[in-house]
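A.B. asks: Annotations per TrEMBL:
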ACT_SITE  Glu312  active site, proton acceptor
BINDING   His311, His315, Glu334  Zn(2+) binding site
DOMAIN    18-194  domain 'Aminopeptidase N-like N-terminal'
DOMAIN    240-456  domain 'Peptidase M1 membrane alanine aminopeptidase'
DOMAIN    525-845  domain 'ERAP1-like C-terminal'
SITE      Tyr397  site 'Transition state stabilizer'
Amino acid sequence: MATTENAQMNYRLDENVVPTKYKVFFDPNFETFDIPGTVEIEIDVKEQATDLLRLHAQEITINEVKIDNQSVDNYHLDAAVQMLLIPVKLSEGQHTVSIRFTTRMLTELAGLYRTKVDTPDGRKMMMGSQMESTDARRAFPCFDEPALKARFDIQTTRPSDYVAIGNMPIETEEENDGKVLVTFQQSPPMSTYLVALVVGPLEYVEGTISKKYAEESSSGGDLVTVRVYCPIGQKHKAEFALEESKACLAALQEALKFAYPLPKVDMVPLDSFAAGAMENYGLITYRTSLLMTDASTPSAVKERVSVVIAHELAHQWFGNSTTMVWWNDLFLNEGFATLMEYYVVDVVHPEWDVWAHFDPSCMQGALELDALKSTHSIRVEVNTADDIEQIFDFISYNKGGSVLRMLATHLGWPKFLDVLHEYVKRYEYQAVPVEGLLGVLEEVAGKPARDIFVPWLEKEGYPVISVEHVGATLKLRQSRFMANGDTASCTWPVPLTIRTGETGMKIVLGTAEQTVDVPEDAVCLVNAGHTTMCRVLYTQGASKYLAPIIKDLSVGEKCGLLNDTQALCQAGAASITDLLDLIRLLSAGVEDYALLISLNGAVSVIGKLLLFDRQEEADVRAAFDQLQTMVARDTFENLSQSPVAPERHTDCQRLALAATTYLKVTKDAELIEDVHKAFKNIVECIGTDKTPSMDGLKRLPNDVANLKVPVLYAAAAQANAPGQNAEEIFNKLLDAAEKDPGADGTACLRAAAIIQDPAVLRSICGTVFGEGSRFPVSNWLYVSRTLPYTVGGRHLFLEYVLDNWARLTELMGVGLNMFGDFLDDAMSAFSAAPELDSVLERLGKMTIPTNCTRPYEQAKEAAGIRRAWWERDHTAASEWLKQNTM
């Protein structure tokens, strides 16, 4: 056998060979981490015979190959295209490919990989899996393309004190020589990227829901078994996720009028996990912090857990049962799941008002990325594994979800859900191109709906709508919005709601310019509801023109107005003082969590623009701290009056967010003393069975759940306060983070990166990112996303990344590539021209990994835009702050 680099780069498999069934066996060894295995694949050769069988295999040792029970010796691996090539003449019809192989339980978070879990007997090794997008080929030889769906019969061995969890329920278990052979039931047709297997020392909590609308589908049985797995002894941390899973699954069945396809769904937390969660068919895996909760978990974290659960359950229809043909239509998976996560959680918890969060938490990410020249359209050509990895971004997820929401709003949700019902029903267990969805859309909702939708899939970017109100005429113009201030003539069919007083009118702006008759004395809100993906530029100035109605705008409309103003300011179409004035106006008496998110986001962007590394800017830094205080003060003071937690979920979230900002910058010595007393109590309880308490504090309400994280952050930010020891606080945070893989532990990592102490800054990168780190690689991003925005931290972090480039790219660049995020974090805190030019020059000398080229170009472009903004508005922003906050 030989390994070769094939010069002919044909990354796609042959269309005339189709797998129909796999029989896979794994025998994982938890001491050597070798995994001997076998796979038997039934294939169908169509239309014409072939003399070369091509299937995927990567970093796998092939021990034996048989075709139709006949040995084949002259096979070889082509590493360049990640394929096993078997020269063999195959006639049209059915054949069986049998392969004996050895793979590894990897340290990288891809394929079958190693992770650890806490047990009553200490931390133990376990095996997790992550096959999306192209890593099933690391686990077993296969036809690793989403359209090539097949049935799977999977077997694995497990230690007698471990459990094995697969896509399907267990059919049999047989014990022999201290091992247990586990055989799972056969799966329905599914793609290889959805195969999942977890083996480890876990237990579970369980419930059931009724299957509804089963007569519409090929789903059998009356009940769906729902299990949430957890480390032994931690069942209480799985109860919330179990109840949310049952409620969300029932809501999805009702929305789609179509049964959940499988007999069970399992939820499993993994301490080492590259993504937030993965929707494997019937076995959803999660980052531990996004599944496990307890009584002291903050309201915002519980909501996030619910949203992630809803997203992954939506995938069981969108992606798992009905599957894209190729990754260029990734939005068919991720766009639908992103939209439905909000729809479902709103059904289950209407009191949470999650739709108000859609703009700041979802659509803004898409609007920011899609305003770059280096963006891509929703439907985008991809060929290689590296290409595919780089489109798991805000375009496929957030823009996909935003455009679908725009369509749902335009059609009305009942009609939109009719479209979804017909789509999942017609294409159950099939791989379908986007034309299948478009055909259903036209059939159910009409051709105009299709005509609106298609351009948003095919075109890069989105429009800015210029609004000019003259007399009784509203003149609307559209062009492509660019973050660098450039203009480009391009048009979309733009569904808009225009509200004048109590009256609203709906139009579709399909040309470059259109006039609308309106009352002469009315104030016209364009994009009312803020459900269309565009920016709105009022020629008279938004704050001035909308001043009479700003207080009457909905939460989403206020968020949209603020975020549009920020984007227009960055592009040079609005002044920095307009943005700062609007922040001040909207900060008065904030009563909405979503608006507080948007205000904090806008203030954070201004902080990044101003930098504060230079000593002579200490007065600007002090003024900026006052701006942060201004945004948070009213909410914190109002909600902290009570000695107990707020009753409303959204008030709990507001208290936590306001406290996070307020306590970090307060100069109140008594309040700082309370923070450090609470910190010592809280940090000692993390990772233990103890419940922290806020009893005895003078100035903080007794709300551990929602003030726990703000206290951790504030103690870190105030680590240099009189009587405090920054290094001791740093070490306590890292010790707590190591003990708890959940949300509390990740909050401790973030907090550790806030400490602005020279000794801590010198040690943090080596401690967290260095060889022999105590923390999973997947948790490093909690530090990298915080550290560059501390004084001195950005230079330190950049130097560390450059000095450790080879090791970091190797550790973080496999599977769901995390190095692209690391690289973006290293660049995103630089704005001033001399520094930024030096950063770009140094990075230009490095070899950018091929799976990071797109995020690198986007980060580089965004850096140039920040530089132009800094040069244009740095001085004006500084002067406004000193004049209006001191």
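Keep in mind that glycine also has a Cβ here, set from the backbone N, Cα and C atoms.
Please treat TrEMBL annotations as automatic predictions, because they have not gone through curation.
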A.B. asks: Restricting to the same chain and to sequence separations of six or more, state which residues have a Cβ under 8 Å from that of Tyr397 (site 'Transition state stabilizer').
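C.D. replies: Sequence-distant Cβ neighbours: Glu334, Gly335, Thr338, Ala366.
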A.B. asks: State which of the following binding-site residues has the fewest other Cβ atoms within 10 Å around its Cβ: His311, His315.
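C.D. replies: Counting other Cβ atoms within 10 Å of each of the binding-site residues His311, His315 gives the minimum at His315.
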A.B. asks: Is it possible to get the count of other C-beta atoms within 10 angstroms of the C-beta of Glu334 (Zn(2+) binding site)?
C.D. replies: 26
A.B. asks: Neighbour count, 10 Å Cβ-Cβ cut-off, for Glu312 (active site, proton acceptor): what number do you get?
C.D. replies: 26
A.B. asks: Where does the mean pLDDT land for the domain 'Aminopeptidase N-like N-terminal' (18-194)?
C.D. replies: 96
A.B. asks: Taking the mean position of the Cβ atoms of His311, His315, Glu334 as the Zn(2+) site, which residues outside that list, in the same chain, have a Cβ no more than 8 Å away, listed in sequence order?
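C.D. replies: My list of surrounding residues reads Glu279, Glu312, Ala314, Phe318, Gly319, Asn333, Phe336, Ala337, Thr338, Met340, Glu341, Tyr397.
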